[in-house]
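Participant: Right, I'll just put the structure down here and ask away after.
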Number of protein chains: 2
Amino acid sequence: MQFIRTSDAGFEAAFAAILEDGRDTTTRVDAAVAEIIQAVRSEGDAALLRLTSRFDGWTPGDTIALQVTAAEIDAAITTVEPGLLEALDLAAMRIEAFHRAQMPADLVVPGADGVALGLRWNALDAVGLYVPGGKAAYPSSVLMNAIPARVAGVARLAMVVPTPGGALNPLVLAAARRAGVTEVWRIGGAQAVAALAWGTQSIAPVDRVVGPGNAYVAEAKRQVFGRVGIDSIAGPSEVLILADGNNNPAHVAMDLMAQAEHDEAAQSILITDDAAFAEAVVREVEKALLTLPRRAIAGESWAKHGAVILVRNWEEAVGLTNRLAPEHLQIMTPDPQALFARIRHAGAAFLGRYTPEAIGDYVAGPNHVLPTGRTSRFASGLSVYDFLKRTTWVEADAAGLAAIGPAAVKLAEAEGLGAHAASVAIRL
Amino acid sequence: MQFIRTSDAGFEAAFAAILEDGRDTTTRVDAAVAEIIQAVRSEGDAALLRLTSRFDGWTPGDTIALQVTAAEIDAAITTVEPGLLEALDLAAMRIEAFHRAQMPADLVVPGADGVALGLRWNALDAVGLYVPGGKAAYPSSVLMNAIPARVAGVARLAMVVPTPGGALNPLVLAAARRAGVTEVWRIGGAQAVAALAWGTQSIAPVDRVVGPGNAYVAEAKRQVFGRVGIDSIAGPSEVLILADGNNNPAHVAMDLMAQAEHDEAAQSILITDDAAFAEAVVREVEKALLTLPRRAIAGESWAKHGAVILVRNWEEAVGLTNRLAPEHLQIMTPDPQALFARIRHAGAAFLGRYTPEAIGDYVAGPNHVLPTGRTSRFASGLSVYDFLKRTTWVEADAAGLAAIGPAAVKLAEAEGLGAHAASVAIRL
């Protein structure tokens, strides 16, 4: 953990180092992934069976098929504690409502001059959702990825989830059912991404693949991009907390740790204008690191990537926040909306003393799939927009074409495109 | 050119071949581009000077700087024919108006339960626009790329354009000025993309790079992706025309050729329900190919990738169109809006007998940067959305957290994330 002050002579260099702390953990697996994709393209299901047997340690056969049946999902859900299903349902309802509120309207510009214009939104036909297996299987991520797709109007939503040793995660299946997933396939890795992009005898191809995964999954998404759409490839998670001295240091410390416990490469940063408060938070972090179940991971993240920045005023904090462009931003000051109004770059913001970021991970309603690694400068969190696309249209009558056609002819001629010019001129 | 009928026994195989006709002309230039990017990252301006001298055949020096000055742009514009400037201005006004109409509104969900939610749109700070040099320099593309960025609110818009032999294109500069470009740099190739993404001593880095370019530019965009955002990498252009027998075959033939003249890899397809009309169009194409200035290119495109498909009814045409998911779609039937309502996948549509696609390339208003190669199944044309990003926010009070917090604690515990659970529980 670094403790730096904007009043320090070396501040700019230290802050620049934080900005460039890529925390990149990518392994190069291009060739292995290319081979897997080729196998699935040429052999289809046979390759899926072979690769699943090899990587997941179980063999699909007559008794367990590649596709998880509705009866299997029903049976799994009965094993989930009812209170947990209620929590999942509350989360799903709230996520659904917030994403429904985002749905854009079509645009029609009637055009008094004989040229009507418009823009129409359509949902994608089919989407593939990658869900990691084993310990990285987060039911909340199933909701966050699947619900926006269904709200957007995607009819077919095929989920793939590896089942190492054949074991299914009942809460993941419950989330899939609640979120409206239409198919669940017991496959994972690059082979699952290839199957979604290219299709096999059993699995129909989709138009876009979303969802988090390991290095193989990320590389497979890169390689199928163009054939299908993909979501952005998420890096390690991060939080930036702006907090004044009137906060409970234990609360802020736990918020920092909630981020740090995700991953050794995660990053938690506190910006405050109160030196004594900063020190109190650091002490509370140390205390928390004695007892937290994931203290090994959180401790390493805090030690390697954590930072506390002491500013002279909130003006400075705004500037640093816009340079950091954090994935998650908590603002715990007396008027958080006023400060937030001046932030141009952040994936998601959590305002006030009663809005820990973790509330947004599960139940608040906005999406928790967010741009990491300073990419909120140009990228956004997952939303209904990821599952919609636009078609613009133009409808001119003879008068409309007469009004604007000559300018098109002139420009086409200047660009040396004779048939373009002629296709307009011939109608004038 | 292929002439196929849905009533033919071999239709499905022939149509599948059209769908898989990738027309991919990509050259592998990964290693060369990686080297160029590395040179610009480590040497900055010095690398730009050296590479410009090597690839563009002129050496930036004391008399000609890397940056094009306002005075140079003024001087260039005086050489452009006034009628052409007027055409450019009409195009710019219409493009601006249509993109302004697309601007989305912020979302606020007050939340009677103590949890307010929202979504805010912000423009990117800085965008780089690549403009090809020489004969591929299209002023219309400058308008189509730059205007949406300015309408979105992007403050800094840095254009790069190679000047082979040192020559500037006055109409491109006029378009840049009209569209609100804030800087023009006399550089191109992978080195220009690298300079925009990483910055040099002279050029400040941007947040997103857009615009068409050759294989080196496309590969450079791929390699800087993540550091900055990029637009999609366009493939060869295509048009699908749905036309009944009441159209003038010469008009339809010229529309097919307007697409074909772009590139030998371009694709023009006609779907009609009238065999005699189909044959008439083919004859008109042959006639046009005798006189068009770009007949060599258009002829090769038509011979290799052109197709005429005879359908039994418009129902069939709708199904084929959705499978083709064309970049450009012309519908020339008595009620084009009715047919268009059933099309789910197309980049841009041109409705009626007086709306040749070329009108959309220049002056109609919608963008001409569109998804190619069937990617309109999941992608959209360029718009203000490409230059905006979203930040969601949550603001809970104590009552709000009390209402939804317990569900978050339950889900965090089920996912094994103790600090997430504690960060909420500690405030309850």
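Just so you know, glycine gets a Cβ as well, placed from its N, Cα and C.
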Participant: Suppose a student reads TrEMBL and sees B:Q259, B:H262, B:H420 listed for Zn(2+). Which of B:D125, B:D335, B:D361 should they find annotated at that same site?
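Facilitator: Record check against TrEMBL: Zn(2+) site with B:Q259, B:H262, B:H420, extra candidate from B:D125, B:D335, B:D361 is B:D361.
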Participant: Filter the recorded positions B:E327, B:H328, B:D361, B:E415, B:H420 down to the ones with a Cβ under 8 Å from chain A's Cβ atoms, keeping sequence order.
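Facilitator: Going by the Cβ criterion (under 8 Å to chain A), the qualifying recorded positions are B:D361, B:E415, B:H420.
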Participant: State the count of C-beta atoms found within 10 angstroms of the C-beta of B:D361 (substrate binding site), not counting that atom itself.
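Facilitator: For B:D361 (substrate binding site), the 10 Å Cβ neighbour count is 28.
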Participant: Near B:E327 (active site, proton acceptor), meaning Cα within 10 Å, which of B:N214, B:S237, B:H420 (binding-site residues)?
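Facilitator: So the list reads B:S237.
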Participant: Quick one: of B:N214, B:S237, B:Q259, which of the binding-site residues has the smallest count of other CB atoms within 10 A?
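Facilitator: Each of the binding-site residues B:N214, B:S237, B:Q259 was scored by Cβ atoms within 10 Å; lowest is B:N214.
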Participant: Count, for each of the recorded positions B:E327, B:E415, the other C-beta atoms lying within 10 angstroms of its own C-beta, and report the residue with the smallest count.
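Facilitator: Counting other Cβ atoms within 10 Å of each of the recorded positions B:E327, B:E415 gives the minimum at B:E415.
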Participant: From the Cα of B:Y130 (NAD(+) binding site) across to the Cα of B:D361 (substrate binding site), what is the distance in angstrom?
Facilitator: 18
Participant: What's the number of neighbouring CB atoms sitting within 10 A of the CB on B:H262 (substrate binding site)?
Facilitator: 22
Participant: Given the binding-site residues B:H328, B:H420, which one is most crowded in terms of C-beta atoms within 10 angstroms?
Facilitator: B:H420
Participant: Could you state, as a whole number of Å, the largest distance between Cα atoms of any two of B:Y130, B:Q191, B:N214, the listed NAD(+) binders?
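Facilitator: With B:Y130, B:Q191, B:N214 as the binding residues for NAD(+), the largest Cα distance is 13 Å.
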Participant: Max Cα distance spanning B:S237, B:Q259, B:H262, B:H328, B:D361, B:E415, B:H420 (substrate binders), Å?
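Facilitator: Of all Cα pairs among the recorded substrate binders, the widest measures 56 Å.
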